Amino acid sequence: MLTAHLGRLGISASQHVVCTKRSLAWAMRHMQVANASSIEYRPIKSILVANRGEIAIRVFRACTELGIRSVAVYSEQDKMHMHRQKADESYLIGKGLPPVEAYLSIPEIIRVAKENNVDAIHPGYGFLSERSDFAQACLDNGLSFIGPSPEVVRKMGDKVAARQTAIKAGVQVVPGTDHPIVSPEEAHDFCVKYGLPVMLKAAYGGGGRGMRVVRELGEVKESFTLASREAEAAFGNGAMFIEKFIENPRHIELQVLGDRAGNVVHLFERDCSVQRRHQKLVEVAPAPNLDQRVREAMAADAVKLCKSVGYENAGTVEFLLDNQGNYYFIEVNARLQVEHTVTEEITGIDLVQSQIRISEGMTLPELGMSQENITAQGCAIQCRVTTEDPAKSFRPDTGRLEVFRSGEGMGIRLDGASAFAGAIISPYYDSLLVKVISRASDLHASAAKMNRSLREFRIRGVKTNIPFLLNVLENQKFLNGTIDTTFIDEHPQLFQFAPSQNRAQKLLNYLGNVLVNGPMTPLATGLQPADVQPMVPEVPSAVEPPRGFRDILLAEGPEGFAKAVRNHKGLLLMDTTFRDAHQSLLATRVRTHDLLKISPFVAHNFNNLYSLENWGGATFDVALRFLHECPWERLERMRALMPNIPFQMLLRGANGVGYTSYPDNAVYKFCDLSVKAGMDIFRVFDSLNYLPNLLLGVDAVGKAGGVVEAAISYSGDISDPSKTKYTLDYYLNLADELVRAGTHVLCIKDMAGLLKPRAAKMLISALRDRHPDCAYAGADAVDVAVDSMSGMTSQPSMGAVVASLMGDELDTGMNLGDISQYSAYWEQARTLYAPFECAVTMKSGNADVYLNEIPGGQYTNLQFQAYSLGLGDQFEAVKKAYREANLLMGDLIKVTPSSKVVGDLAQFMVQNKLSAADVEANAENLSFPKSVIEFFQGYLGEPYGGFPEPLRSKILKGLPTVDGRPGESMAPMNFQDMKTKLVEEHGPRISDYDVLSSAMYPQVTDEYLRFREKYGPVDKLDTRIFLTGPKVGEEFEVEIEKGKTLHIKTLAMAEDLTPNGEREVFFELNGQLRSVMVRDQTAVKELHIHPKVNASIKGQVGAPMPGTVIDIKVKEGDEVKKGASMVVLSAMKMEMVVQSPCDGVVESIAVTKDMKLEGDDLVLTVTPK
């Protein structure tokens, strides 16, 4: 039958087969109107889209469905863009032109169309879509323009002419200018005459570009200039239109279609009130909670207005609706809109195909579109996912999409172009990445689908606005459909969101950096970590560990705990394997990863330990500085695995866990938070045995509810009558004060192993006689380390102590077989830390400790420091200088941080070839290490016997000194202010733990937080891979949290460098190809790379977004006020003003006009006043 119909129309069956859809449409057209219409029907066989991105692809898809050849054009900057690959053909335009101008070049586009036998041009939206001269140029060159006639485009594209047309048609308008204005002076005059507020709008474009609300007369001219520039860049014409600003309106727009026969229909309305900078972010169709009478009247006015001008093709009539139900015409967008998708979803009408059909000459009735049979079903929402950072005022972000995974499924439509892994998001065009459209029965159901879809997205490499969109979708006012255009401004909570953790990609970036640039934790020796997986002994599954001393502590408190220790018959052991042992042998470098593996075994087999030492100052410093992990998280995670054993830490009295003095409230807060995190016993000491510092620590621990184990730091030799500084009476008097202050356990802290057997018997016997009710660590309990982590500068062997006491009244009750398994694990694990192994340079213990008195924990650290300073072959001289430095400073108690002061002075002396006599003679002319100066100022407290004079005065050279306990005179820390500042600098994930870490180690914590944000949870990596990276071809797993495991395979590293000095490193992550770009730090030294802003240098100002410098408003030497405009950048058709961060003087300018910048490139430096 169809063949017969075609024959009557002069079409052969063979012709029909060539393009079934087009021939059938042509035939249907003739069957319907061959003798009933004078409108010429001209079938379109090829369409060029004069646009880019997702709208170009949207039109190409319609062309494919209609059997039409599609042609793309692209700028030089878009040569790798997806839209040109989606077309049947693609051609370069605007060679040598700036990115936007290429798409605004009418002659270029017409040339490509004519050279390639194109029938019609679709303008998309933006660029030339509302330029009547472009529409006319198409017609003049025999090309169909898929849109309204040039005259209608002119009338409707000119907002002033559109207003006049609306007034003539009897449609209410907002008061405004009656012609386009081109100068700031005209704008100022209008505002003086008609008052404020006003809206500045681009006269020849839309989409939010070139729009500003002005409320102050003094801002009119500057706002006009900025808006006009944006309009010029986006639409090729900077003329502006001004109208009165309607407060708190809804933005409602009507979709219309018209044909050449004068028919016009509406396809219902869309609510576009969720806007930022007058640019729509979320659109809903139909508009929720819209009064039906208003809906019908608005639709009637839209149709009436379009009929009055003979509107043809697709268009949008936009209104503002106030809270009284009054609506005002604002403009007609004589083109397809970005949000046309939601109309398509609720009506089932393909607007792009309809545009093409109408351009061919078909009428709305022929397309089956009469007003009565166009219905709206359900609710559709469109969210524009953009590459903008909502946490930074929606600053556009650019770069490479390292990961792209979309959220799909029932009721979800995706319209995009650049959304694929490896895509480059450039600064030259709009930041739209993908449009997500949901459709369901009502607003709530549609929002739920959209929410689910957005949560499924995984986008890495650039920031997106997805967290913000999710907040919008979950806002009750949005879900109730009661929003207006002030919705975003009036709901600051929309900007309160936890940023994506992005852990997997951050870890790949870390691994890539290690592979390209080498270890990110400095290695102390040339040895490499062993390629082993330490064997973890088995423990019973789903069985609670047996009761231990911590259960007594929790039930009976610190006093009950101390009593239980005192009444215990055997010798108790304090295991230092988890801290001091590896501080002594492996420079404190053992990671949480390896500590946690063995923790369950310890809990099940060593429940009768007095305590397990796992925290201290070195732990904090090294964990944050070198291991890039949080010591508080280490404590919490160990506590979860070992709930039955008391944990013990070293507390440096008033010095907390740092190397200096702190305000008293910092120490109290630290102790309180430590107990809450799982700490039990605090070995409180002071590096000088300075009683006021000790007493503060004792009080802070007691108030926090911890066990006070007050430590007497031992030095000298009480059994040697010739040594008269640190006598037996000195230690007994100190013990009296500590017991009186509330000590639960007394401890003798012998850091350097100086306490000889005779002296130990004298001291412990005297303490027992004086304080019979106090428990004694060192008598009731002793420090040990598991066998493979003992000896040298570490503690005695656990196995040896246990074996030697078997059958004795002091029998520990521990099983040697368990100790053997425990030791075997650490024997293997220790090989992972070969780069820090003390045995590389130290093969045995050394009796010279009785001369130099170097603490065991410091010995290996001092050795590594000597090597790093180039003094490795002079370590014997360093040890000798240590003894001399100690005597110069008055023979100190040497415990961290006082031992560090002595060590710093010793290395200073060796490095500068100074004897003790040289130091004394030339102290006034020497520049001493900072730690030495602060010691003599009194920041660690007062040493027993006072400071040596005249050396102190010579070194200080008149610097102020601290009398008494330093922390006593320091202003309290404001922890809330500190947290606020940390959140501002590092984001909302800041915890109270981070605040206390910052209180103790401000700079180190700042660096750690930056590292964590950039590289993620590196503490979850195996140790060998963390230190030196994986091998190419190696497969491994990373458990980032319970139930979430990453499967990673290292594939390759590119040999060639990018122009920015980067190398691409390839991985397979969970079976999917991933790659990261890593700057080669060695190679970039030979390239000229623009410097990045250094956040730690106050006054440096970076580019807030990638872009081009279009104006520099200051010069070097200018004085500027905080907030003053200094440089103007342009990117993605938006301008951004770089402002001064403070009052100051412009020290240097690192940019020039027209320079292209990346985000955070250094712009200028302001010296603060």
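Each residue, glycine too, has its Cβ placed from N, Cα and C.
TrEMBL lists ARG335 with the feature active site. Sequence-distant neighbours of ARG335 (active site) (same chain, 6+ residues apart, CB-CB distance under 8 A): PRO123, GLY124, TYR125, SER129, GLU130, GLY147, ALA314, GLY315, THR316.
Taken from TrEMBL, the feature ATP binding site covers LYS159, GLU243, HIS278.
Per TrEMBL, Mn(2+) binding site is recorded for ASP580, LYS749. Sequence-distant contacts of LYS749 (Mn(2+) binding site), defined by Cβ-Cβ distance under 8 angstroms and a gap of at least six in the same chain, are ARG683, PHE685, ALA711, ILE712, SER713, TYR714, VAL895.
Per TrEMBL, the feature substrate binding site maps to ARG652, THR896. Using a 10 Å Cβ-Cβ cutoff, ARG652 (substrate binding site) registers 29 neighbours.
The domain 'Biotin carboxylation' annotation in TrEMBL covers 43-493. When pLDDT values are averaged over the domain 'Biotin carboxylation' (43-493), the model yields 93.
What TrEMBL lists as domain 'ATP-grasp' is 163-360.
Taken from TrEMBL, the feature domain 'Pyruvate carboxyltransferase' covers 571-842.
Positions annotated as N6-carboxylysine by TrEMBL: LYS749.
The annotation N6-biotinyllysine is assigned in TrEMBL to LYS1133.
In this structure, the C-alpha atom of THR896 (substrate binding site) lies 13 angstrom from that of ASP580 (Mn(2+) binding site). For the binding site of ATP, formed by LYS159, GLU243, HIS278 according to the record, the largest Cα to Cα distance is 16 Å, rounded to a whole number. With the fewest other C-beta atoms within 10 Å around its C-beta, GLU243 stands out among the binding-site residues GLU243, ASP580. Annotation for the binding-site residues LYS159, HIS278: lowest Cβ count within 10 Å of the residue's own Cβ, HIS278. Each of GLY176, MET199, LEU200, LYS201, ALA202, MET211, PHE241, ILE242, ILE330, GLU331 belongs to the same chain as LYS159, GLU243, HIS278, is absent from that list, and has a C-beta within 8 angstroms of the C-beta centroid marking the ATP site.
Cβ neighbour count for THR896 (substrate binding site): 26 (other Cβ atoms within 10 Å of its Cβ, all protein chains included). Note: the Cα of GLU243 (ATP binding site) and the Cα of ARG652 (substrate binding site) are spaced 68 Å from each other. Among the binding-site residues LYS159, HIS278, ASP580, the residue whose Cα lies closest in space to that of ARG652 (substrate binding site) is ASP580.
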